[in-house]
Structures are given as C-alpha cells and as structure tokens.
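Following: one structure in structure tokens, then a few remarks.
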Amino acid sequence: MSEHNLQQRNQRTLRKLLIWAVAMFGFAFAMVPFYDVICDITGLNGKTSTTASTEGPSQVVEDRTVTVEFITQRGEGVNGDFTSATRRVEVHPGEITLVNFFASNPKSSDIITQSIPSVSPGEAARYLHKTQCFCFDQQSLAAGERKEMPMIFYLDPELPRHINTLTLSYTIFDVTDRVAATNN
Amino acid sequence: MSTAAAHDDHHHHAPTGLKRWLFSTNHKDIGTLYLWFSFAMFLAGGLLAMVIRTELLEPGMQFVDPEFFNQMTTVHGLAMVFGAVMPGFVGLANWMIPLMIGAPDMALPRMNNWSFWILPFAFLILLSSVFMSAFGAGNPAAPNFGWTFYAPLSTEYGPASTDLFILSVHMMGISSIMGAINVIVTVFNLRAPGMTLMKMPLFVWTWLITAFLLIAVMPVLAGAVTMMLTDRHFGTSFFNAAGGGDPVLFQHVFWFFGHPEVYIMILPAFGIISAIIPTFARKPLFGYASMVYATASIALLSFVVWAHHMFTVGMPLAGTLFFMYMTMLISVPTGVKVFNWVATMWRGSMTFELPMKWAIAFVILFTCGGLSGLMLAITPVDFQYHDTYFVVAHFHYVLVSGAVFSMFAAAYYWLPKWSGVMPNKLLGELHFWSSLISVNLLFFPMHFVGLAGMPRRYADYALQFADYNFWISIGGFWFGLSQLLFLAVCVLCAMKKGEKAPARSWEGAEGLEWEVPSPAPFHTYDTPPVVK
C-alpha cells in the first residue's frame, strides 16, 4: 500500500471517529428530553403533571383509605415560612380534597417563588391528579406578605392496591433573579 | 523510509533535550511521557490520600477542617482516575500497541503529541485550585463535591473553582478522545501483513475495545460538565429544580459516562494480565477467542448498568430489577476471564518472576473486588451499603489492587524492553510484598467498617470505628511509602543501572515486541514484519 493511500485511509477513519465523538456529545443533551419522556411514562423520580387535571374522578372508592402526607422544604435563598395547613390527610381514591399551603416573605423586597412537587413512591406520581395547584405557576410574594396557596387534588381510583401511603413533597425556590434575567 | 513514516521526514535528526519531549511525535517518547506523568499523578493523588488517612487516623477533628477534607477526597479521586489510571494505560498503549502489531508508529503522531501535552495543563488547572486552597489565596476552596460532582452540590453550591474543574475535565476529555481515536486508527490501518484481528495480542484487543468505550462516553462527560457550566453561569436549568430541571438527571448523565468509565480503567488491565500469565506459565493463553468475546460483552453490558450506582434515588421496582440483573450478568464474562487465566496456569511450567507475582496478585485481589461488586449489585442490600466504606473498599480493590497492580505488572514486564535493563530484583521484591500486604491492610478492613455503617466522605467517624481506622491509616501510609520503592526501580532503569536485558527478556515471552532489541530502538518496523 502506498504511503498516500494509507494517509487517506487514516484520515477517513479519523473523520468517522470524530463524527461519532461529536454525536455522543449531542447524545448527552438528547438525554435531557428523553429523560423527561421516561419520567412522564413511568413516573420516575416522582414527577407529577405540571398542568391542571381537567377531568374529574370517575368514582369514589369508599372502601379504601389512603394516607397522603405533605412535606415542605425551602430551597436555596428562601428564608420565610413554607408550611401546609395539615401534614397528613386520609382520603378515599376519587375523593376531591383541598389542602392549603402557606408561604411568607419576611424580606423587605418582593420575591417570585416557584414550588416543585415530588411524589414518593415515584410509582404513585401519575395517580395523583391536581385540579388546582400553586405549583403550576410562579407565585409572587410581596415584602412581608403571608400567602395562602390552595392545592386541590384527588387520587386516581386506579391507584395500585399496594400503595397505602404516599408523600407529596414541595420545595419552594426563590426565582426572582431567574425571572429578571429572562425578562431582560 | 517506508509505510506510515511520512510524518517523520526528519527522523534521523531528532531534536534533543527539552525539544525532544515537547515536540515528540514518536510513540515511544510519548508513551514514556504518559507513563511518567501517570506516576507523578499517582504520587500526587496519593499525597492527598495521605491527608485523608491522617485525618482519619483517630476519631475527632485533628489536622484539617472538614471543608478541606472534602476537597482532598474530591481531588484524590479525580487525580487518580483521570491523572493516574487513564493516562497510565494510554502510555502503555502508546509504547506497546505499535510494537505488538508491527507498526512503525501510531497512525496520527501529531495528534498523539497534542493528546499528551494537553494533560499536564489540565491538571495544572485542577491542582492549582488545591494549592490556592491550601495556601489560602483567592477564594479558598478547591472542588469539594466528590469526584462524581453531583448536582446541585457542584452547580448551585459549588465553589468558584468549579469552573477551573469544568475546564480541566474538558481538556482531559479531549485528550482521552484523541488518544482513543489514535489507538483505533492505528489498530485498523497499521497492522503488519498477516496480523489479522484474531491474531492480535489481547492487550491490543482490550485497548481497541476500551478506545471505542472512550469515544462513546467521554463526550457524554463533556456534555455533563457543559450543562453544569451553563447552569452555573448562563441561566439554564438542566439540573436545577427551581427552573424545571432535575438534579437526578445529572446522576443519569454522569453514570451513563461513569459506568463504561470503570471498564475503561480495567479492560486494558485484562489485556496486560493475559499477556503476562502465558509467558510465565509457558503455555499459550487458554481460550483466546472467548477472551475477546468476553471483553466485548463486558463493554456492551457496561452501557446498560449505570443506574446501579443510584438505586437509592427512588426508581420503580422494574427499573431496579433490570439494572440489578444486568449488573450481575457482567460477572459471567468476567468469570470467563478469571477461569481462563487460571486454566492458563493449570499444569503450566510456572515461575514467579516479578511481573507474574503482580499478575497473580491481580487475579486474586481483583476477583475479591469483583465479588464485593456483586454484593453491591443486589438492590435491597445496596440500600444498606450505599455510600458506606464498603463501596470504598470495593472500588479500591478493583482499581488499586486491580488496575494499578496490573500497571505495575506491565511496568515490570516491559521495563526491560523500554530501558534495556532488567528492573532491580531486590527493590522489586520489596515493592511487591510491601504493597501486597499494605494494600490489604489498607482496604480490607474498610469492608467491615462499611458493613457496620461508616459513611464515606466524612472527616470524622463514630468511636466504634476507631481501631479499624487506625490500622487502615497505617496500611495507607505503608502502601504510600512502598511506592517510593517503585520510583527507585524506575529511576534505576531510566539510568540504565542493572543487568542488561536481552531482546526476549523473559524466557517464555511470545509476541512481536520481543523480536526487537532491548531497549527498543527509537524507530522500529520501518519495514513491517510478516506475521505467519
């Protein structure tokens, strides 16, 4: 084989491998939407729907009681209160329930907050339907304000039998800077 | 001048001194650079480990504050994985692959020079943050989030030096990818006539497969740190829950890189052991083809097991079962390898020269580490073992008494070829026995404290772990000091002090690399050998 041919062959192999490397770099980013799709399908990581459920429950399963617990956490930069009116409720699947959450802003400036829900066990996430939730939108809190934020939900009557307790966790984040950055 | 030496038109007036090393396109020189660099990083990373073990010698806080301790564990991991183990294997590949397949050099010598010379600067950037931290200059914190740099610890909560870390990981990645491309192009295009794929030495095979793994996953790591960078500075929310992202996504992206990465660090070791055991058992390798297929199976399986690192994030049962079974499946091809090595030794005329001692220690201790890996794969028990010293024990058994021991084996085996003199026997024996005993004193008790619940990455521990930790630390200092013996062995060889080595430096050694004189001349195989 002549030297020239070999050089060409080397270049060809090199190009193929480089394309592969670049494609794999792209693949890392493709994992992001792919992950979201997987989460939607499987309820992986306890993500609940980010939009309000428009359909009501088909029936109320009176002979079954499920405990729903609420956890609230403050993310980085939030120093006000963030609690729920009750820490646990006992509901029948299909029963529409309202729970009030409270957030306060002790700062001297207005803030915008975003609450992020998560359900444990993750498997239960897609059986939790919310018809109204403060987490669907950003909530603004004026300086010194204490705000009541309702959340209305029901459990799908199809909730698997082995799930007797599920925990709905909210983390509240201060997204004021983030919103300001986007608006600019 | 023949074949692929077109890049090397001036090769009979090679520059000398510093220029020789800076501008080198010679695979042997670059291999040597890689190996010394790897050893320097091994000592630097080891020094950080000594800080960790000094603090953990006794319960309570004595020497460093917890913040600095976290920086030590982080940079120790990064320096060992990306600075010592990976470049060490690339150095061996550079030296040995062309010699083993009868090629005059690597296929892309200029790129080879680049891929090495990026590395020292990458580590200069990373380690500079440690110096700044240790001497209190600037924002006094090196990366402190563990070598796995989980978000949001490394994004929202990362110190300013995280950006140095990101830059240096990018550079390491580029270096690795270029090195890997070079190996593949060399193996595909530069094999001597008659050297068919299924005649290649297993070291070449395992490296070829490793190179494919590298090209597949190093860009994913680059993607992960790029996402971190944009999350930190450009307002994206890949891993930020507040903006709609998900920190758990980071773990998926990271371990999609991270699991193949651990095979990147062990497959070349399999190749080395498969070269050494037949030599000193004076029998051809048992089950050559099955070794090749086993290596390929391990590589393929490595892409579908990543979530076993994150069983505790809360996955659906079906998911954990899938990853558990896939992980356990890996022990089948790995077991094939171990049995093949044992079968090679069976009824062989074994002698126990230094490389063989390291190789046998590798087989036993690596299997030990593999077994604890199998325990960790079981989802329900992983909930107990997760993030304890049991995990630390597991991956140090496979990485230190696995990968690092294999590199010692390789060094003792090929040092005669590299330097022309046999490694010093007395120092070598001392190094081996001292390392073998201390490595077990260092890592074996970690299984016990881990099972008893001692968490990893803490600067302090409960009193009940005090005795074990004392001995672990003693083992650590002992193991660290033992490596200075290896430094002495290498320096003696580099100074050509020792018994002159013949071309075939070991009696039973087979392969093209033993056909060229020792030390291997600057240029070999200007005319390709013919392989029968």
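Backbone N, Cα and C define each Cβ position, glycine as well.
What TrEMBL records for B:21-532 is domain 'Cytochrome oxidase subunit I profile'. Taken from TrEMBL, the feature transmembrane segment covers B:33-52, B:72-95, B:116-137, B:164-190, B:202-229, B:262-281, B:288-309, B:321-346, B:358-378, B:390-415, B:427-450, B:470-495.
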Can we call the transmembrane segment (B:390-415) and the transmembrane segment (B:72-95) in contact, meaning three or more C-beta pairs below 8 angstroms at a sequence separation of 6+? yes
Look at every Cβ pair spanning the transmembrane segment (B:470-495) and the transmembrane segment (B:33-52), keep those 6 or more apart in sequence, and say whether at least 3 of them are under 8 Å. yes
Find the average pLDDT over the domain 'Cytochrome oxidase subunit I profile' (B:21-532) in the predicted model and report it. 95
